[in-house]
Amino acid sequence: MSFVLAIDQGTTSSRAIVFRSDISIAAVAQQEFPQHFPASGWVEHEPEDIWTSTVMTCRDALDKAGIKAKDIAAIGITNQRETTVVWDRATGQAVHRAIVWQDRRTADICAKLKADGYEPDVSAKTGLIIDPYFSGTKVAWILDHVPGARERAERGELLFGTVDCYLLWRLTGGRVHATDATNASRTLLFNIHTGQWDDTLLKLLRVPRSMLPEVKDSSAEFGTTTPDLFGGPIKVSGIAGDQQAATIGQACFTPGMMKSTYGTGCFALLNTGATPVKSNNKLLTTIAYQLGGVRTYALEGSIFVAGSAVQWLRDGLGIIKHAAETGPLADKSDSMQSVYLVPAFVGLGAPYWNPRVRGALFGLTRNTGPAELAHATLESVCYQTYDLWAAMRADWPDASAATIVLRVDGGMTASDWTMQRLADLLDAPVDRPMIQETTALGAAYLAGLNAGVYPEPEKFADNWRLEHRFKPAMSAATRQRKLAGWARAVKGVLASDEGE
């Protein structure tokens, strides 16, 4: 039997999952690593922590599965997107900590670019908006703030990569500097229509072309690992950013299929097929995957705070000890209270895109307690998803509640309470799959497709299995009342921004 090893390098932990040829899971390993918050709105990782935790989990997963490197047909990599690493081409030493996708330090840079009128052209080429979320301004910040970095970059001494690219470079012993189209499409430097790095964008952000990796299909020959890492060489043949990998793992290969992943943040992608759809509602146009040189596009909405809001309940407020307690606690809340949490801890993502605002609670009374806060926290994720859902339906002419199929994954989907409330607020069914490791499965599929372990997308889609369908059960009047309250809460938060 052939096995495929998936590396799932996330925001708070690195994971490795061994899949069998029938897509069942043979072993899982996970290791958390430290987060660094050197200033308000700043989030960093040590690249060496990312690398070490990745290698350790891969070795652990192989041991748990009882297999050797020779049993692995291929490795697939999926990663936290946009997180930016710049390192020395000769030594592999990072010149600065990785700047994480959540980091907002470049808000002023982005504001100036917008004020100077660059956003329409940038958006037309990249499908993105000018925002600190994306890699381009993070690279520029590193080059401008690390002594000597810009000069070294101009001399061709430094390399840039998203996390997949950095891991691939390390896995191959510095022999391969490459990424895939999905990760490239998140940098603010890549033209999603031509499939090339864009010289105008590079000039705008003053990023030398020599720093950039080669861009390949999501399923391709990316090189082989050095034999010393895992006891023998293993080829790497699949790469995709985490949200695109989840889209593939959910078998959303048909236009109109939508997946929503609930981890630290929440990310929804709607497959729009071979044609990029320009959003009129501040959604992103991105590459869902690229196979055989053919790009498939998606509309994407990004929510910065989802699971991390539950972490706030646990670590910040101390009202729960474990995330699993949140749903049962929320179920005990006072139905007469209408408490809303707008979790803009690092600003608001789609469809508002405001990095300056911060979170707020609305509707507090003397009787508001832990149950109401838990209720508001879980509901905030559902409300934010509704905002994305509504924007996608408005942007895509073929969309309707009847035509969009929503498949969910990620840690928060284990909460039946949250998924039922999501179906209620969307007034649409929500499908939870049997295999929850959809992000890793997507990476494994891309690698296994190239290695001949897995079939073409249409046949792979036949293996998708439903675990539970949540059907809407809320009255229209209640739904509208709740959504109106959420809209007022968001309006209140946006009004607090001095820049508005």
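Each residue, glycine too, has its Cβ placed from N, Cα and C.
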Per Swiss-Prot, member of Thr11, Thr326, Thr365 binding sn-glycerol 3-phosphate alongside Arg81, Glu82, Tyr133, Asp242: Thr11
Euclidean distance between Cα atoms of Gln243 (glycerol binding site) and Arg81 (sn-glycerol 3-phosphate binding site), Å: 8
Binding-site residues: Thr12, Ser13 - member with fewest neighbouring CB atoms within 10 Å: Ser13
Fewest-neighbour residue among binding-site residues, criterion Cβ within 10 Å, set Thr11, Gln243, Thr264, Gln311: Gln311
Inter-residue C-alpha distance, Gln311 (ATP binding site) and Gln243 (glycerol binding site) (nearest angstrom): 21
Cβ-Cβ distance under 8 Å to Glu82 (sn-glycerol 3-phosphate binding site), same chain, at least six residues away: Trp101, Tyr133, Phe134, Ser135, Lys138, Thr162, Arg186, Thr187
